[in-house]
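Colleague: This is the structure, below, for whatever I ask next.
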Ligand SMILES: NC(=O)c1ccc[n+]([C@@H]2O[C@H](COP(=O)([O-])OP(=O)(O)OC[C@H]3O[C@@H](n4cnc5c(N)ncnc54)[C@H](O)[C@@H]3O)[C@@H](O)[C@H]2O)c1
Ligand SMILES: O=C(O)[C@H](O)[C@H](O)COP(=O)(O)O
């Protein structure tokens, strides 16, 4: 069996027991790369559709990602090709990123995050965790998810419209990128909505770049009328517009979900689906032991930010992304930042020891809860 895989997918050795694994640059995959492949394993940068696979014998496609906008699932189904992805694999990494982003902006603005309201747009795997953690921090949480509202799903919050949420102090986006249907999300945050948010609000986008109209955001920020923004994702990746990067508060190269555990979970979930597709029992994964102890007292939000930054520093990602724009080929530099991303552990991989002021206990419990 020939298994063509994105070379950036960790843990490919799991698949090596089942055939010949051929690692390929995800952006360079083309019909000839998959001409004699049985299995295709991708990440978000490979477009999987008829153009890539029509003449290929590939029968199983796995994407080690949460997002699936790069995959034409309908065509895969119509042509009887099995598909699996990794729902929720890196939700925790994204929630840690959002928490740090929020604390950084608040520290810079001299505000207490706990006193703010946050609108969570998209209450799936990531959005629900973010909502739970922000509530644990003491924020007022509001939520929006028209598809779940339509289905009558109870997510623990009253589901409001996106327009109703524009008066929240903070808006955080956790929707898939979609182009059709009443809940399509491309340019969900268009010029009018961004302008309605205004300069006193905070916008965090960790879902997909085109959910925010990047040009509208840049022009509003240039005029001093746009929300303080933290962007992990960009409308035309791997191209990042320098004028927008200069105007956001923090930015990063689509790495919010790039924790060690987020990536490992992604591969593992696709591997389990692959084994099921082949009718074999997947061997158990190894149980991880704690990495060590983080000893730090948490008396205020500054301490909480500093604790988070023992594991990961968003400002470092921002600096690296800014520097990458000086490279002759900044799009290739963007991909390299992602390919060579430093190992980043999720907080729950450590044991935390210290004293905490009462209001911070719920968020610390959530951050260090196993699983
Ligand atoms: N930056 C990163 O590294 C990173 C990491 C993980 C996920 N993501 C992105 O984040 C997205 C969300 O992840 P998830 O795991 O929560 O996905 P999910 O599928 O579990 O949840 C998405 C939710 O969005 C809702 N939704 C759809 N259209 C909506 C709309 N117009 N308004 C409000 N809600 C809407 C859906 O009903 C669903 O509940 C993914 O699709 C992916 O594109 C990015
Ligand atoms: O959808 C996802 O899971 C994330 O956006 C993921 O982290 C993207 O990473 P990539 O597949 O581009 O390496």
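Heads up, the Cβ atoms here are built off N, Cα and C, so glycines get one too.
TrEMBL labels come from automatic prediction, so no person has curated them.
Note that the coordinates shown come from a computational prediction; the quantities given were computed from them, not determined experimentally.
Pasting the relevant annotations from TrEMBL:
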ACT_SITE  208  active site
ACT_SITE  237  active site
ACT_SITE  254  active site, proton donor
BINDING   145, 232, 257  NAD(+) binding site
DOMAIN    30-277  domain 'D-isomer specific 2-hydroxyacid dehydrogenase catalytic'
DOMAIN    109-255  domain 'D-isomer specific 2-hydroxyacid dehydrogenase NAD-binding'
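Locate each feature and note its surroundings.
Modeller: The Cβ of residue 208 (active site) lies under 8 Å from the Cβ of 67, 69, 175, 176, 177, 185, 233, each on the same chain and at least six residues away in sequence.
For residue 237 (active site), the same-chain residues that are 6 or more apart in sequence and have a Cβ closer than 8 Å to its Cβ are 209, 254, 334. Secondary structure at residue 237 (active site), taken from DSSP and collapsed to helix, strand or coil, is coil.
For residue 254 (active site, proton donor), the Cβ neighbour count at a 10 Å cut-off comes to 23, with all displayed protein chains included.
Listed in sequence order, 65, 66, 89, 90, 91, 93, 94, 97, 206 are the same-chain residues at least 6 apart in sequence whose CB falls under 8 Å from the CB of residue 257 (NAD(+) binding site).
Looking just at the domain 'D-isomer specific 2-hydroxyacid dehydrogenase NAD-binding' (109-255), the mean pLDDT is 98.
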Colleague: Which residues of the same chain, at least 6 positions away in sequence, have a Cβ lying under 8 Å from the Cβ of residue 145 (NAD(+) binding site)?
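Modeller: Those within reach of residue 145 (NAD(+) binding site), by Cβ under 8 Å and sequence separation of 6 or more, are 121, 122, 123, 124, 127, 153, 155, 159.
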Colleague: Tell me which recorded positions (208, 232, 237, 257) have a Cβ under 6 A from ligand 1; sequence order is fine.
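Modeller: Among the recorded positions listed, those whose Cβ sits under 6 Å from ligand 1 are 208, 232, 257.
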Colleague: Taking the Cβ of residue 232 (NAD(+) binding site) as the reference point, list residues of the same chain whose Cβ is under 8 angstroms away and which are at least six residues distant in sequence.
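Modeller: In sequence order, the residues whose Cβ lies under 8 Å from that of residue 232 (NAD(+) binding site) (at least 6 apart) are 97, 205, 206, 251, 252, 253, 254, 255, 256.
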Colleague: How big is the NAD(+) site in terms of the longest C-alpha to C-alpha distance among 145, 232, 257, in angstrom?
Modeller: 21
Colleague: By DSSP, how many residues in the domain 'D-isomer specific 2-hydroxyacid dehydrogenase NAD-binding' (109-255) are helix, how many strand, and how many coil?
Modeller: 51 helix, 29 strand, 67 coil
